[in-house]
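K.L.:
First the structure, then my questions, so here it is.
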Amino acid sequence: MFVDNVDIYVSSGKGGAGAVSFRREKYVIQGGPDGGDGGKGGDLYFEVNANTDTLSKFKGAKHYRAKNGQPGMGRRMSGKSGEEMVIVVPPGTQVFDYESNELLLDLKEEGMRVKFLEGGKGGLGNYHFKNSVNQRPTYAQPGIAGEERHVRLELKLIADVGLVGFPNVGKSTLISTLSNARPEVANYEFTTLIPALGVVDVDEFSSFVMADIPGIIGGASEGKGLGLEFLRHIERTKTLLFVIDLSNYREPLEQFEILQKELSQFSPELSLRPFGIALSKVDALSKEEANEKIELFLKGIGLSSCQSNQYALSEALQNYIAPLESSIPAFVVPISSATHENIKPLKYLLHESVRRRG
């Protein structure tokens with residue numbers, strides 16, 4: 001089960017109490033104080049591990065506690081420190097204060113380990129309280145309480161390219177064609193119910209990560225459909241790929257305008273992200289019908305086709321490739337995942353877009 005939002009309580013350990021103890025040795029009638037200090041409470045850490053990609057294990061387990069420190073002992077022996085608690089999360093996990101919604105940690109990188117809560121200090125044993133007035137103190141410090149917080153964990157997947165489109169426009173088929181991802185693919189809306197990540201191999205030494213999220217529909221910003229709930233998973237991407245269905249009953253320009261509107265209402269910053277456009281399911285139309293729709297779409301967004309063959313694009317279909325200094329949109333390319341038309345050029349175009357943005 002994919003879970004990307006949970007709230008939990010986290011606590012560091014309490015320090016152990018100092019000991020009240022006196023020397024008890026043969027021939028020592030009234031031994032002095034020898035109570036040891038309590039052990040330190042365990043610290044609580046967050047650690048990033050790429051072997052997990054969901055927060056599902058936190059469902060139902062509400063409280064994570066480090067161990068308390070052990071009490072001190074006689075002969076000035078300190079108590080054992082409490083065992084630390086390490087909470088393992090996937091890359092892209094953010095930790096928020098549950099009440100204030102303040103961002104406390106942004107855990108992006110594999111192997112990252114952050115101390116979040118400090119364990120309480122152990123109390124001092126009665127040995128420390130001996131003085132000229134009080135030779136046999138019967139007081140020792142209690143341990144200091146650990147820290148506790150109520151936090152919300154939110155997962156934002158880390159990908160280079162984010163797919164954006166209406167339901168059933170071919171996003172899942174595209175990511176499974178380009179990458180190692182295997183999302184469910186079917187000819188009905190909302191087949192994709194959870195985000196999917198796929199690694200796209202460009203050549204022996206180059207690759208990038210692509211993220212697919214459930215389709216967005218008009219009114220998503222008011223809570224309709226599923227896509228808006230998962231838009232956070234493409235917030236970290238370097239570039240977006242709008243997937244527009246040429247065979248859809250909605251005209252391509254209408255699809256694009258609705259998607260842009262919903263993105264801007266979710267996040268103005270995301271709506272300004274560099275992007276490319278893939279006009280999908282071109283195999284469902286004749287070349288004449290497809291070119292007519294492509295030309296109409298390009299005109300609608302203020303562009304004209306350039307019939308570029310720089311990336312070995314199909315010569316039978318119109319396209320648009322932006323000059324190097326331009327970034328929005330970087331390209332408009334008709335594709336077919338069924339026949340693989342322009343799929344390899346699309347891979348190179350996306351890789352170039354990612355490479356330009358570091």
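For all residues, glycine too, the Cβ spot is worked out from N, Cα and C.
Per Swiss-Prot, the features are:
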- 1-158: domain 'Obg' (DOMAIN)
- 159-355: domain 'OBG-type G' (DOMAIN)
- 165-172, 190-194, 212-215, 280-283, 336-338: GTP binding site (BINDING)
- Ser172, Thr192: Mg(2+) binding site (BINDING)
K.L.:
Helix, strand or coil for Lys171 (GTP binding site)? Use DSSP.
P.N.:
helix
K.L.:
Just to verify a number: CA distance, Pro214 (GTP binding site) to Ser172 (Mg(2+) binding site), in angstrom, no decimals.
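P.N.:
Between the alpha carbons of Pro214 (GTP binding site) and Ser172 (Mg(2+) binding site) there are 9 Å.
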K.L.:
Return the single residue from the binding-site residues list (Lys171, Lys281) that has the minimum number of other CB atoms within 10 Å.
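P.N.:
Checked Lys171, Lys281; of these binding-site residues, fewest Cβ neighbours within 10 Å: Lys281.
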K.L.:
Roughly how many Å separate the Cα of Ser172 (Mg(2+) binding site) from that of Gly165 (GTP binding site), to the nearest whole number?
P.N.:
10
K.L.:
Over all shown protein chains, what is the count of other CB atoms within 10 A of the CB belonging to Ser172 (Mg(2+) binding site)?
P.N.:
25
K.L.:
Tell me which of the binding-site residues Asn168, Ser336 sits in the most Cβ-dense spot, judged by other Cβ atoms within 10 Å.
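P.N.:
That would be Ser336, with the highest Cβ count within 10 Å.
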K.L.:
Under a three-state reduction of DSSP output, how is Ser336 (GTP binding site) classified: helix, strand, or coil?
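P.N.:
In three-state terms, Ser336 (GTP binding site) counts as strand.
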K.L.:
Across all the protein chains here, work out how many other Cβ atoms are within 10 Å of the Cβ of Pro214 (GTP binding site).
P.N.:
25
K.L.:
Could you tell me which three-state DSSP class Lys281 (GTP binding site) falls into?
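P.N.:
For Lys281 (GTP binding site) - judged by DSSP and reduced to three states - the answer is coil.
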